[in-house]
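Shown below is the structure under consideration.
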Amino acid sequence: MQQLFWALGTVVIGVVGCAGYFYVSNLVLDTLLPGRGPDPVRAGRNINRANLIRPWLFLAPAILALGIYLVYPVIESVWLSLHDRSGQNFVGLSNYVWMLNDPGFRESMFNNMLWLLVVPAAATGFGLAAAALTDRIWWGNIAKSLIFMPMAISFVGASVIWKFIYDYRAPGEPQIGILNALVTWFGGDPQAWLTIPFWNNFFLMVILVWIQTGFAMVILSAALRGIPEETVEAAVLDGANPIQIFFRIKMPQIWGTIAVVWTTITILVLKVFDIVLAMTNGQWRTQVLANLMFDWMFRGGGDFGRGAAIAVVIMVLVIPIMVWNIRRANAEMKGH
Amino acid sequence: MEATPATKSPLTLVTHLTVLLLVALWTLPTAGLFISSLRDKDQLAVSGWWTALSSSSQSLQGRTGAAPDQKEENGVYVITGNLLGDTAGRVSAFGTTSREPEAYEAGAAADLGDGATLTVGEDGAYRLESPVPFESKRGQRVFVTAEQPPRFTLDNYREVLRSEGIGRSFVNSLTVAVPATIIPILIAAFAAYALAWMEFPGRALLIAAVVGLLVVPLQMSLIPLLRLYNGVAEVFGVPAKTYLGIWLAHTGFGMPLAIYLLRNYMAGLPREVLESARVDGASDFEIFTKIILPLSFPALASFAIFQFLWVWNDLLVAIVFLGAQDESLVLTGRLVNLLGSRGGNWEILTASAFITIVVPLLVFFTLQRYLVRGLLAGSVKGG
């Protein structure tokens, strides 16, 4: 309980501190370079100077935070990936050579590619279907809210939910996991789903698809609603049926949004670690890059060189999307 | 939308059914967890949650009374009592050996030898009869199979809060999440204002950098920051894993999204409002605090919800920067530990899991409007 008061105290100190920084630095600037005075030329020059400095006063804490927590680590990670486990001795590319020959890394890479193929496609597909269908019925908003709900659930919480679904009991015993209960009800044998190599990857992917479908649905639903009425009306007049209208008229107009949703989920897939850690911890051939990296970070006291090398691989996979995002943001800003 | 009458009705029906199926698939897993967490742990272990409302059949063991309890009735020695005690239920079968626990139907008389018989009724009442006095000090062992009505209880919650450390972790999670949500907002808001409404060289480059940093994987930051924290701790002689450390870490990691969301929103505010304030002689500082900040409330709320959900649900940052010791575990970390140590105890796992997801669910359902708005504004990032 005491630590909660500490936390609240920190909030107050933090907020007051931030506000104080902005207020005082702004005040100092105004005092040093007064914008009013007997000499109008000087006052004007002061205003110009202050306007050059003020943005950086406003930006300083944010730039500091971004620098320490994101920019510096990216550079340092690349640097560390060229060093040994303690981070002291330079070893060149040997961590990357080790990686290429390591069965654990190959397995993770293969699984990650599977995840990348399946999860964004499935989540976007389900999301699109949910968006298109819920827009046509009167209880669509309630349905949307319920499909969206898993988005609020942590990966670990969702893992418990789905581990319960995959629960396995020996044949003959009552199955309390609903998947095995259904399988036995249809006359099949219960399976320990999470231990079946290759296919168990898909049982883990289901969890992320389940979480992310709501996200895809919300964005795509907004995009579908933004489609100009005239295009749809014209198609109706030409006698197109609803399915044709959806695939031939609506879909082509929201490709941009579909791409955004797809890439966003792709990035999430590359970072996903909690689900694998909680469900299998990489056993039974379900390892992925993010969990492998976590593993090497702490295994036997931690191998910072190898861990950093794996992180760099994840980063390299993200870079194309990053470039695409920046270009898109630039184009958008110029458009405004 | 305007389908012809001929195609409308079957298609509409299919739509309704498909959406119903989707909703079922997306809600039943959570519902199953919640229902299970409220069930009696013995029932939970032997039957699926979808049978929670029907009675379940359970095997129980009991003992009849012994020699001191006997009474003599018309020359027959009798011991009576009830095997179910206070619990409700209906006995379907019973037996006197563990090999044949269902040897006799309820109401039938079991022959115990030497003329002694045992009868167990449906309500669990038994009657042990013998022509000679009972001498044993221990009663007869009886196995009964009883249909028990569904039992719902809060015991599972009581147990995990008390003895599994969930209560402690709940406080830890709150301690992490509240400052880590509020502190970044003010820092990001000033930066967003500068990027949206102040002219200075390098602005476009900074905005591009923020967009780029949005997608930097957390994994890149972990090892360098871990080393940095350890170094700082060594130099100043303080612990490396502190709440202050994790608050600052979440502030840094949340900064790109915060700036991006707030800048987009502020840039969309009407220019006239700002211009007229400038003409009136208001400084940038006054414009920001008196006009922009209040107008940006929806965007601030969106970001606050995002950040809160992300921090509350985070596992990686918490393990790395706060540690995995018992006293500092947050809810997600505790849940992962329980999955390892209590893998089969679903009464503990379901109740613990529900406690960890209930706060985000409440936030989600009450503030969904802001969440959706934020998603639409910041769909470059996804969590």
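For all residues, glycine too, the Cβ spot is worked out from N, Cα and C.
A TrEMBL annotation is a machine prediction, not a hand-curated record.
The domain 'ABC transmembrane type-1' annotation in TrEMBL covers A:109-325. Marked as transmembrane segment by TrEMBL: A:6-24, A:56-75, A:113-134, A:146-165, A:202-224, A:254-284, A:304-326.
Show me how these features fit into the shown structure, please.
Taking Cβ pairs closer than 8 Å, the transmembrane segment (A:6-24) reaches residues 57-58, 61 in its own chain, all 6 or more past its ends.
The list of residues near the transmembrane segment (A:56-75) in space but at least 6 beyond its ends in sequence, with Cβ under 8 angstroms from a Cβ of it, reads 18, 21-22, 25-26, 29, 315.
Proximity of distant same-chain residues to the transmembrane segment (A:146-165), defined by a Cβ-Cβ separation under 8 Å and at least 6 residues beyond the stretch ends, is recorded for 130, 134, 176-179, 194, 203, 206-208, 210-215, 217-218, 272, 274-275, 278-279.
If you look at the transmembrane segment (A:254-284), the same-chain residues 6 or more away from its ends with a CB under 8 A from one of its CBs are 108, 112, 115-116, 119-121, 123-124, 127-128, 154-156, 158-160, 162-163, 194-197, 200, 204, 207-208, 212, 215-216, 219-220, 222-224, 227, 290-295, 314, 317-318, 321, 324-325.
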What else in the chain is close to the transmembrane segment (A:113-134), if you only count residues 6 or more beyond its ends and a Cβ gap under 8 Å?
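Residues packing against the transmembrane segment (A:113-134) from afar: 140-141, 143-144, 147, 201-202, 205, 208-209, 212-221, 224, 246, 250, 258, 261-263, 265-266, 269-270, 272, 288.
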